[in-house]
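Notes to accompany the following structure.
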Amino acid sequence: MFKSFFPKPGTFFLSAFVWALIAVIFWQAGGGDWVARITGASGQIPISAARFWSLDFLIFYAYYIVCVGLFALFWFIYSPHRWQYWSILGTALIIFVTWFLVEVGVAVNAWYAPFYDLIQTALSSPHKVTIEQFYREVGVFLGIALIAVVISVLNNFFVSHYVFRWRTAMNEYYMANWQQLRHIEGAAQRVQEDTMRFASTLENMGVSFINAIMTLIAFLPVLVTLSAHVPELPIIGHIPYGLVIAAIVWSLMGTGLLAVVGIKLPGLEFKNQRVEAAYRKELVYGEDDATRATPPTVRELFSAVRKNYFRLYFHYMYFNIARILYLQVDNVFGLFLLFPSIVAGTITLGLMTQITNVFGQVRGAFQYLINSWTTLVELMSIYKRLRSFEHELDGDKIQEVTHTLS
C-alpha cells in the first residue's frame with residue numbers, strides 16, 4: 001500500500017514528521033520574526049486578498065519551498081523511487097494548499113468583526129453608515145472568496161491525479177506479484193477496487209487531519225485572545241480561557257462517546273466485505289461451471305450476507321443516534337457559551353460573530369475523529385483487507401516492477 005508509492009515508508013514518514021517539527025518549531029520560536037526583521041516585513045497584514053501577496057506571506061512561501069526542497073533532495077539521493085516526484089513533492093503541495101485554505105478562513109474571520117460592527121452601527125444609528133462602506137466590505141470578502149474558489153478547484157484537479165498515481169503504483173505492485181496473489185478470495189476486487197478506494201480515502205483523511213492541525217495552529221491563539229471578552233460561562237461561572245477549555249472538553253467528550261459506541265463497526269465492515277466476496281466469487285464460478293452456484297450453496301452464502309448486513313444495520317442505528325444527537329447539540333453549543341456575555345452586553349455583534357466562528361473552527365478541529373468516524377471505519381476495513389492480502393507477500397522475494405506508466 002505504501003511501499004509502492006513512497007520510498008522506505010517507515011523511515012520516510014518518521015523523517016518527514018521530525019523535519020516538519022523542526023521547521024515549525026524554528027519558525028514559531030522566533031525564526032519567522034527574525035527573517036521578517038531582516039527583510040523589513042511590517043507584520044501588519046491587511047484584511048483583504050492583498051494579505052496573500054504581502055511580504056510576510058511571501059517570506060513564508062520561500063521558507064516552505066526551501067524546507068521542502070532540502071527534504072526532497074535528501075530523499076532523491078538517499079532512496080530514489082519511481083514515484084518520488086508525486087509522493088514527495090505532490091504531498092508537499094497538497095499540504096501547502098491545505099495551509100493556504102486555512103489562512104483563507106483566518107482572513108474571512110478577520111473580516112467578520114469590522115463588517116458586523118458596521119451592520120450594528122448602521123442599525124443603531126441611522127444614516128451614520130453609507131452604502132458605499134457596505135459595498136467596499138463586500139468587495140473585500142469577494143476578493144478573498146475568489147482566491148479560495150480558484151485554489152480549491154485547482155487543488156481538487158491535482159488531488160484527483162495524485163490519487164490515481166497512487167492507485168497506479170499499487171496496481172503495478174500487486175500485478176507484478178499476481179501469481180502469488182491470484183488464489184486469494186476476492187483478489188481481483190482487492191486490486192481493482194480497494195486500491196482506488198484506499199488511495200482516495202486515505203488522501204481525504206490525511207488532508208482533513210492536516211487541515212485540523214493547521215486550523216488549531218492558526219485559530220487557537222485567536223481563541224485564547226478572544227476568551228478575554230468572555231470571562232464567564234453558563235453554569236460554571238468565571239474561568240480563565242473558558243472558551244478554549246470548553247472547546248477541548250466538549251470535543252473530547254464527543255470523541256470518547258463515538259469511540260465507545262462505534263467500536264464494533266470496523267470489524268463488521270471487514271467481515272461484510274468477506275462474505276460479499278465469497279458470494280460474488282461463487283456466482284462468477286457459476287457463469288462457467290454448471291456445477292457451481294447451486295441453489296443450496298447460493299442460499300447459504302446469501303444467508304451469511306443478510307445476517308452480517310442486519311448486524312451492521314443494528315450497530316449503525318445506535319451509533320447514528322449518538323452521533324446525530326451530539327452534532328445537533330453541537331450546533332448551538334458555541335452560542336450557548338456566550339449567553340452571559342450577551343445578556344451583560346459586553347460584546348458587540350461583530351465580536352460575537354467572530355468568537356462563534358473561531359470557536360467553531362477550533363471545536364471542529366478537535367472533533368476531527370467525530371467528523372471522520374464513518375470514513376475512518378471504511379478506511380480501517382479497506383486497510384484490513386489489503387493488509388491480509390499483502391501477508392501472502394511477506395517473507396517472499398518481491399518481484400520488481402520494471403515497466404513504466406505515468
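Quick reminder: no glycine exception, Cβ is built from N, Cα and C everywhere.
Long-range Cβ contacts of the topological domain 'Periplasmic' (1-11) within its own chain (Cβ-Cβ under 8 Å, at least 6 residues beyond either end) map to 75, 78-81, 83-84, 86-88, 165-166, 169-170, 172-173, 198, 383, 386-387, 390, 401. Annotation comment: Swiss-Prot describes 1-11 (among others) as topological domain 'Periplasmic'.
The annotation transmembrane segment is assigned in Swiss-Prot to 12-32 (among others). Outside the transmembrane segment (12-32), and at least 6 residues removed from its termini, the chain residues within Cβ reach (under 8 Å) are 6, 59-60, 63, 67, 71, 75, 79.
Helix, strand and coil content of the topological domain 'Cytoplasmic' (33-56), in residues and according to DSSP, is 14 helix, 0 strand, 10 coil. Summarising the annotation, Swiss-Prot assigns topological domain 'Cytoplasmic' to 33-56 (among others) and lists sequence analysis as the type of evidence.
Here the transmembrane segment (57-77) has long-range neighbours at 7, 12, 15-16, 19, 23, 27, 32, 35-36, 39, 41, 45, 51, 84, 88-89, 92, 96, 103, meaning same-chain residues at least 6 beyond its ends whose C-beta is under 8 angstroms from one of its own. Residues or ranges marked as transmembrane segment in Swiss-Prot (evidence: sequence analysis): 57-77 (among others).
The topological domain 'Periplasmic' annotation in Swiss-Prot covers 78-87 (among others). Taken together, the residues in the topological domain 'Periplasmic' (78-87) have a mean pLDDT of 91 on the 0 to 100 scale.
Per Swiss-Prot, the feature transmembrane segment maps to 88-108 (among others).
The topological domain 'Cytoplasmic' annotation in Swiss-Prot covers 109-137 (among others) and is backed by sequence analysis. Residue counts for the topological domain 'Cytoplasmic' (109-137) under DSSP, helix first, then strand, then coil, are 23 helix, 0 strand, 6 coil.
What Swiss-Prot records for 138-158 (among others) is transmembrane segment, and it gives sequence analysis as the kind of evidence.
Among the features that Swiss-Prot reports, topological domain 'Periplasmic' is placed at 159-205 (among others), with the record citing sequence analysis. Under DSSP, the residues of the topological domain 'Periplasmic' (159-205) split into helix, strand and coil as follows: 41 helix, 0 strand, 6 coil.
Per Swiss-Prot, the feature transmembrane segment maps to 206-226 (among others); the stated evidence is sequence analysis.
The topological domain 'Cytoplasmic' annotation in Swiss-Prot covers 227-242 (among others) and rests on sequence analysis. Note: the topological domain 'Cytoplasmic' (227-242) comprises 4 helix, 4 strand, 8 coil (DSSP; helix = H, G, I, strand = E, B).
Swiss-Prot lists 243-263 (among others) with the feature transmembrane segment, giving sequence analysis as the kind of evidence.
If you look up Swiss-Prot, you'll see 264-331 (among others) marked as topological domain 'Periplasmic'.
Long-range Cβ contacts of the transmembrane segment (332-352) within its own chain (Cβ-Cβ under 8 Å, at least 6 residues beyond either end) map to 112-120, 226, 229-234, 242-243, 246, 250, 359-360, 363. Taken from Swiss-Prot, the feature transmembrane segment applies to 332-352 (among others), supported by sequence analysis.
Residues annotated as topological domain 'Cytoplasmic' in Swiss-Prot: 353-406 (among others).
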Can you work out which residues elsewhere in the same chain, 6+ from the ends of the topological domain 'Cytoplasmic' (109-137), have a Cβ less than 8 Å from its Cβ atoms? 47, 144, 219, 222, 348-354, 357-358, 361
Could you count the residues of the topological domain 'Periplasmic' (78-87) that DSSP puts in helix, in strand and in coil? 5 helix, 0 strand, 5 coil
Remote residues contacting the transmembrane segment (88-108) - C-beta distance under 8 A, at least 6 residues beyond either end: 6-7, 47-49, 51-52, 57, 64, 68, 71-72, 75-76, 141, 144-145, 147-148, 151-152, 155, 158-159, 162, 165, 203, 207, 210-211, 214-215, 218-219, 222, 357, 361
